[in-house]
């Protein structure tokens, strides 16, 4: 930008072409001076509202070439116009060129400089300009101080802003509402919302009347941080203080309440604002619809959609997509399809989220042909599928045991510029593991690592489980030991897989050692861990140890579940201990559980070959 200015300053002569004059005529609503040429003074005084960079530079050039030189008020007017168009860096460059031309600043040009410096986060330069003001013998006014205070607050330097307020007061300047609003905003940006509220209360005590600008940042931070109860209290306080409310303030709190899951409170506030004469807009409706949909309350979401349409507020793609996704999750695919048709009839184009939700619905219903058709449709409409779209469809193929089709889609998606993520690889690896195609699964895992797609805890669980289930527990243990040494945080789920794999490989003693070491690793066993270990001990024939562990799990705060009881009942039946099994059956009933199909089958088989009395069967009912 500076280079552009310097280049223009090297140019000589008057305005260069008729085309250029024509441009000025359009931009500045120029007035002729009788010679066909419009002076810079007339341009500046004609009330410029907007100005482009090139035009500002050219006008500045003309001003610096003029003799006698323009007054500083004319430069101030130009800088103000450029600043209003948010070309702050350009203003600073023009100010620099003015200095190089030997044109001294005054209070107004320096104040404009300070404002621009603060706007583009150049605070050191802003304070340098402040120093020039004092050096030239001017006294900074309240506006200048407030500008610097706001700049400090936007940078998160609130303590320095407060010090500057003290200095401002010492110099005899009283802070204005603009000053205090800047401080409130700064405190909120730093997450100090309680301090912001205290400052507002002090403002009121000292005679200041806060306005809607004061409260806006506080409400936003409160709602963003989940402090919606405090936001509601503040709203009531605003009403008491006769602060002007609007739909935006209600929208902030409604959004916060929806994100907190307080949907009924959000809906009550929605009704309250309507009663008070504030009309809900598309943003508020969409916020509520999404909130209800995420909570599974599709009926309330659908009612709001109909209410929108009734009030002539056209729902957008976000509202329709939220409802379609909710219908899919609730298993209401037909309703989702109907809503998709309706949005098209209303001229609303579905987006990636819409199509992806419908593809998800078709995959869940095993309608893969329709899912593929929807994928083709979205591409034909110029709507690009994302990684989630492909992950859903690949998962659909895997669930339908069409793993090769899933792999083919996986290879094709890279041609569309979509990069596979951890979920993509996890889905395919699990699919191949479940089909017993362990070599392909291992190859995919290696490909995942080589392509720098970082495996997560789920990736390792899938791989370790696949290795254990497909007869490679040693390889699973080798990988497990590596990740245990890494910085990855392991949960009880991954330990359960390894303990289960060891038990199935008849390495019950090793499994027991790992089980006993869990507390030392800072990992708490869950009911599944106990069930696996009890099952392993039973499989080994160590029923007394299994019974002891069964009682110990209760002491450790883990109540046995139906699976625990069934494991022990079958183990004792297998050892011919009908009495112990009978006691466990009575206990399982008291706990509200029931014997499972495997236990019933075992009892029936034992009855048929005479190993149990027929009276034992009555105990199961």
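Glycine is treated like the rest: Cβ placed from N, Cα and C.
According to Swiss-Prot, the protein carries these features:
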type	residues	note
REPEAT	36-70	repeat 'PPR 1'
REPEAT	71-105	repeat 'PPR 2'
REPEAT	106-140	repeat 'PPR 3'
REPEAT	141-175	repeat 'PPR 4'
REPEAT	176-210	repeat 'PPR 5'
REPEAT	211-245	repeat 'PPR 6'
REPEAT	246-280	repeat 'PPR 7'
REPEAT	281-315	repeat 'PPR 8'
REPEAT	351-385	repeat 'PPR 10'
REPEAT	386-420	repeat 'PPR 11'
REPEAT	421-455	repeat 'PPR 12'
REPEAT	456-490	repeat 'PPR 13'
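Listed by sequence, the residues of this chain that lie at least six past the ends of the repeat 'PPR 5' (176-210) yet keep a Cβ under 8 A from its Cβ atoms are 142, 145-146, 149-150, 152-154, 156, 158, 161-162, 165, 168, 217-218, 220-222, 225, 227, 230, 234, 241, 243. Outside the repeat 'PPR 7' (246-280), and at least 6 residues removed from its termini, the chain residues within Cβ reach (under 8 Å) are 212, 215-216, 219-220, 222-224, 226, 228, 231-232, 235, 238, 287-288, 290-292, 295, 297, 300, 313.
According to DSSP, the secondary structure content of the repeat 'PPR 12' (421-455) in residues is 26 helix, 0 strand, 9 coil. Remote same-chain partners of the repeat 'PPR 6' (211-245), defined as residues 6 or more beyond its termini with a Cβ less than 8 Å from a stretch Cβ, comprise 177, 180-181, 184-185, 188-189, 191, 193, 196-197, 200, 203-204, 252-253, 255-257, 259-260, 262, 265, 269, 276, 278. Per-residue pLDDT, averaged across the repeat 'PPR 11' (386-420), gives 95.
Applying DSSP to the repeat 'PPR 2' (71-105) sorts its residues as follows: 26 helix, 0 strand, 9 coil.
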